[in-house]
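Structure, as structure tokens:
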């Protein structure tokens, strides 16, 4: 008679903590689906409401004229760049592209003597030729010309740079090709050369990535504050921590593109927000400053305005 061994077999069940996680995940998924359905219904209601909204004839005319001017500006730039590629630049005073650096004039330098017309508004302007070397630029998306719809070509460039939303920003590597793209989207962005301090501040405070954890079904946006995630995603490139990402971006290293697209576009604050009397006054002052620093030209050879981006980052970061 063979010996019968009564071995204790483990129950075919999952631990309580795993069941709780699954239950929470199911509840979260259902809540997200319900929110998505509500947003879709709200969007449909707004579309129906906008269709019935009365629009004045003056608004239609203003929108049409502003959009036509913007399309004509882009057409001129595209035509000029095409001629440059063909070498037909005999009609141009210079083949180079230019920056117009606009900086606030230090108060200590203000005197009662006669000053140039460019400096009467408190800003110094310097036109600098672009030498074709690779440079790091910080590009911030802002509102474009009043009443103008964004032309398709400009919107495609903004989408490629991941700048569909206002007050989002990215780092880009400036080359001859990207300079031409910046000329097309110039009215919709603010451009500047960031310092290492600003780069470090942005990445440490505002950096987010899309990451999928083991216990999650879908990838979601999280704050980047774990070097283990950096090593997991970028370790093959020799980038193992956040400081390595800062170094690659600041020095335009060989892994600049991978590190840059690993980060989501930076979502920054508004320079002035709120509806109090003081904030309304600040908004008026901000508009006056923008009129002086962001003068948009419809000329195809207009330089790209470059501002003191470090001062702006300190305000909105």
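A Cβ is built for glycine as well, from the same backbone N, Cα and C atoms used for every other residue.
Positions annotated as compositional bias 'Basic and acidic residues' by Swiss-Prot: 1-11 (among others).
Annotated region 'Disordered' per Swiss-Prot: 1-50, in sequence order.
A Cβ distance under 8 Å defines the sequence-distant neighbours of the compositional bias 'Basic and acidic residues' (25-49), meaning residues of its chain 6+ beyond its ends; these are 215-217. Per Swiss-Prot, the feature compositional bias 'Basic and acidic residues' maps to 25-49 (among others).
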DSSP residue counts for the compositional bias 'Basic and acidic residues' (25-49), split into helix, strand and coil: 25 helix, 0 strand, 0 coil
